[in-house]
Structures are given as C-alpha cells and as structure tokens.
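Chemist: OK, TrEMBL features for this one:
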TRANSMEM  12-34  transmembrane segment
TRANSMEM  54-71  transmembrane segment
TRANSMEM  78-96  transmembrane segment
TRANSMEM  102-122  transmembrane segment
TRANSMEM  129-150  transmembrane segment
TRANSMEM  156-176  transmembrane segment
TRANSMEM  183-202  transmembrane segment
TRANSMEM  234-253  transmembrane segment
TRANSMEM  260-284  transmembrane segment
Amino acid sequence: MSLFREIKGNFNVFLAILGISSFFQFAFKEAFMYPSVLPLNVPYESQFEEIGNVFFYLYFLSMTFVSFLLGNKYKVMYLVGFSLVASFLASFVPGYNLSPLWYYFEVFIGVIGIALVLESLLKSSIRSLLLVPSALLVVVGVVASISLNVYHQSLFANYLALYLASLVGFLLYLVIWRKIKSVRSYAGLGVFLLILVPFLFLEKQVAENRYMEMLMNMILPSVLGIDLYNPFQIVYLVFAMGMSFALVFMALVKGNYAAGIGYLMLFSTVFLGIEGYLLVVYMLSPVVGFGLMTYADEGKPLWYLAGGKLVQRVKDKSSQ
C-alpha cells in the first residue's frame, strides 16, 4: 500500500512522462507507420522509427500506470488498465490475433471504452457538455474499429466534421475552465494564437499551391489515419492539426495539464481505428485521453445534478 501511495503521490510525474512519450511516439512512430508505404524518401527514417519504438514502449507503460491511478475517480479505468496488461501478455502467444477470443477481447475493449466515456461525462460538471463532440468522436472511432476488425465492414462518416466540432467544443471548454479573466487565461490564448498562425500560413500555401495540396493529401491523412472523402478538404485538416496543437499548449499554459495531454492522446490516435488498429494500445489511447480531459474538471457532477432534480420531483409529487 505504501508503494501505491508513493506512486499516486507522483501522479504528475507519470502524467508528464505520458505526455512526452505520447508526443514523440506520435512524431517518430505513427508519423512513419502509415506514410512509410508512400513513395517518399525520408532521411534517417529507420533511426527515427527506432526512437519512436523506444517512446512507444514508454508510452505504453506510462499509460498503464496512469490508467490504474485514475481508477480512484473512474472505476472503469481499472478494466482499461487490466486490458492493457492483458494485451501485452497476449503478444507472447503465437497467432493470438487470429483467435476468436481476440475478437471478443476487442469487443470487450470497445464496450469498456464507451462505458468510460459515459462515466467521465457523468462525473464531470455541466461545462463538460462542451466535450460531448469529443466524446462522440471517441465513440465513433471505437465503433469504426470494431466494425472493421471484427465484422470487416467500414464505417463511413464525416470524420473531419466531428474533428472540427471536437476542436470548437474543447476551445470553449478551456476558455471557461476556472477563471476566464486571469493572467494564465490571457497567456493561454496568446500561446494558442502564436501556434495557430503558422498553420494558417501553411493552409494558405496549400490552398494556392496544387503541388503542396497533393503532397499534404498524401501525408496528413496517412499520419492521422483519417479518411478524407473530398481531397479538397485537406486545407481544413491542416487547420485542424494546427488548432489541435494550439489547444494542447493552451491547456498546459492555463494549468489543465491532464486535459492538454489527454487531447494530444485523443486526436493523434482516434482515427487509427478507421483503417483497423495495428496495436490494441491505440484503441484504448483515445479513451484514456478523454478520461484525462475531464479529470481536472471542478463543480457538481452531472449525475448529482440529474439525481437532485429527480429527488426534487419525487418530493414535489409526494407533497401534493
């Protein structure tokens, strides 16, 4: 118990390790996993992939620790943590991913993932309703992965629209989180604009340069795993990528470290299920990310508000 208390007391340390490893495994592993099949020559690609592998294992370990630590607030997190451990142990069994039991395991992961999203919302304040688009994005990603991996059917949806709605909701959530008028709030908005501006210039270049547009159409959707049914929507994806990183740093500057790291985990992995997850950890990553987004939320939880209204209605009826 003393060891667990010590680990729990260092939660921010594990959170920082999770955030750093999440960024570098995204930059050096995910960024090369899908684009590696494209006719692109990337210097030192093999070295970058080795670095990405190191940070991926660190990402897996830190996410497992954080999942168990979050179990004090979200009980479903314990199942997520055990699922991560089970997926690691299963990799030692030859042909584990060809067993029918593995399909049941993926469905189980999908169920507890959706359950965790609902629990995270119900245990958060009314401002967390702004995160409903992000929750819907996670649920659609999980359903898409199960549909493809288990039933071999692709789920067609406007993923870019869900992504943009998620960004707007998260932006509004960060603006009203804690004090609206404070030094940290103004600094967060300043950092948000500073990071977003270069992506706006890049978006302009993509819109005006056909070669840049074709290049981005090959790279960005492959990096994120998202499907663009209209190739001319690439400018919106460039903007969405820039806004995503800007919101992550805005959350960090404002002091909501868990939400910033959680959204980094969410947007970098949530679309991978559309094409079929190569690794189960990516199936759980956006789920854990959403749990982190609501972790530092303050105020009366939604379930308490809903339950209070229900109790009041019962009292009113009994008094009549």
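Even glycines carry a Cβ here, placed using N, Cα and C.
Caution: TrEMBL annotation is automatic and unverified by curators.
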Chemist: At a Cβ cut-off of 8 Å, and with pairs 6 or more apart in sequence only, do we get at least 3 pairs between the transmembrane segment (12-34) and the transmembrane segment (183-202), yes or no?
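Modeler: In this chain the transmembrane segment (12-34) does not contact the transmembrane segment (183-202) - fewer than 3 Cβ pairs sit under 8 Å.
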Chemist: Restricting to CB pairs under 8 Å, which listed stretch, 129-150, 156-176, 183-202, 234-253, 260-284, is in contact most with the transmembrane segment (78-96)?
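Modeler: Looking at each of 129-150, 156-176, 183-202, 234-253, 260-284 in turn, the most contacts to the transmembrane segment (78-96) are made by 260-284.
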Chemist: Return the stretch with the most CB pairs under 8 A relative to the transmembrane segment (156-176), choosing among 102-122, 129-150, 183-202, 234-253.
Modeler: 129-150
Chemist: I'd like to know if the transmembrane segment (183-202) touches the transmembrane segment (260-284) in this structure, counting it as a touch only when three or more C-beta pairs sit under 8 Å and are separated by 6 or more positions.
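Modeler: With fewer than 3 qualifying Cβ pairs, these stretches do not touch.
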Chemist: Taking a Cβ cut-off under 8 Å, which residues six or more beyond the ends of the transmembrane segment (54-71) line up next to it in the same chain?
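Modeler: Non-local partners: 7-8, 11, 14-15, 17-18, 20-22, 24-25, 28-29, 77-78, 80-81, 84-85, 88, 265, 281, 284-285, 288, 291-292, 295.
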